Amino acid sequence: MKNIFDTLLLTEIFQGLGITLKHLFKKKVTYKYPFEDTPIFPRFRGVQYIKTHENGATKCVGCYLCQKVCPSECIHIVTDCGPNGERLIRKYELDLSRCIYCGFCEEACPVDAVHMGRNYHTTDSTRDHYVINMKTLSENYKKELADAQAKGEQL
Ligand code: SF4
Ligand code: SF4
């Protein structure tokens with residue numbers, strides 16, 4: 001009997017329409033990426049940056065710890081001995097196409113040089129562009145610093 005009334009009064013159709021109407025006025029849960037940035041949570045780990053001193057020199061001392069700890073083996077460092085016995089960094093490359101954004105490199109760094117950034121816009125059409133060097137990593141730092149200062153945050 002109940003089924004006959006439900007059929008005659010189109011109860012189920014109105015129930016369905018009610019659910020649709022309820023969701024129509026709910027807050028959006030999707031974003032129009034890449035036209036709209038998605039929110040980033042405080043512990044988000046994005047593309048790395050390497051801090052520099054005020055004179056522009058890298059804070060990295062070429063200790064190889066980040067390379068050693070990286071589970072994806074995506075960091076490649078080459079160092080040399082300078083005229084006064086100092087360590088010179090000849091090459092620092094990070095392959096973002098292999099990186100799993102685990103943050104181990106940041107944790108291992110003894111001089112607070114390499115950090116996980118907040119940039120997640122990594123799409124590119126060329127595989128080679130995913131290999132970033134010390135210059136790019138230092139530029140990333142400048143961008144992250146400017147962003148943080150604009151928001152009144154600290155890096
Ligand atoms: S985040 Fe993890 S995988 Fe990526 S470079 Fe650092 S240690 Fe390697
Ligand atoms: S752990 Fe830090 S200081 Fe050592 S090579 Fe990596 S970035 Fe440079």
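Any Cβ shown, glycine's included, is placed from N, Cα and C.
Please treat TrEMBL annotations as automatic predictions, because they have not gone through curation.
Given the structure is predicted, the values throughout are model-derived calculations rather than measurements.
Taken straight from TrEMBL:
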- 50-80: domain '4Fe-4S ferredoxin-type' (DOMAIN)
- Cys60, Cys63, Cys66, Cys109: [4Fe-4S] cluster 1 binding site (BINDING)
- Cys70, Cys99, Cys102, Cys105: [4Fe-4S] cluster 2 binding site (BINDING)
- 90-119: domain '4Fe-4S ferredoxin-type' (DOMAIN)
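This view paints the features noted in TrEMBL onto the structure.
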| residue | record | Cβ contacts under 8 Å, 6 or more apart |
| --- | --- | --- |
| Cys60 | [4Fe-4S] cluster 1 binding site | Ile50, Ile89, Tyr92, Cys109, Val111, Ala113, Val114, Met134 |
| Cys63 | [4Fe-4S] cluster 1 binding site | Pro110, Val111 |
| Cys66 | [4Fe-4S] cluster 1 binding site | Ile75, Ile77, Phe104, Cys105, Ala108, Cys109, Val114 |
| Cys70 | [4Fe-4S] cluster 2 binding site | Phe104, Cys105 |
| Cys99 | [4Fe-4S] cluster 2 binding site | Gln48, Ser72, Cys74 |
| Cys102 | [4Fe-4S] cluster 2 binding site | Arg45, Pro71, Ser72 |
Tally of DSSP helical, extended and coil residues in the domain '4Fe-4S ferredoxin-type' (50-80): 5 helix, 9 strand, 17 coil
Entries of Cys60, Cys70, Cys102 (binding-site residues) sitting next to ligand 2, with Cβ under 6 Å as the cut-off: Cys60
Distant-in-sequence neighbours of the domain '4Fe-4S ferredoxin-type' (90-119), which means Cβ under 8 A and at least six residues beyond its ends: 40, 44-51, 58-63, 65-66, 68-80, 127, 130-134, 137, 140-141, 143-144, 147, 155
Binding-site residues near ligand 1 among Cys60, Cys63, Cys102, Cys105 (Cβ under 6 Å): Cys102, Cys105
Any further residue of that chain within 8 Å (Cβ to the Cβ centroid of Cys70, Cys99, Cys102, Cys105) of the recorded [4Fe-4S] cluster 2 site: Cys66, Val69, Pro71, Ser72, Cys74, Ile75, Ile100, Tyr101, Gly103, Phe104
Site with most surrounding Cβ atoms, counting all protein chains shown within 10 Å, from the binding-site residues Cys105, Cys109: Cys105
Non-site residues, in chain order, whose CB comes within 8 A of the mean position of the CB atoms of Cys60, Cys63, Cys66, Cys109 at [4Fe-4S] cluster 1: Val61, Gly62, Tyr64, Leu65, Cys105, Ala108, Pro110, Val111, Ala113, Val114
Counts of helix, strand and coil residues, the domain '4Fe-4S ferredoxin-type' (90-119), according to DSSP: 5 helix, 10 strand, 15 coil
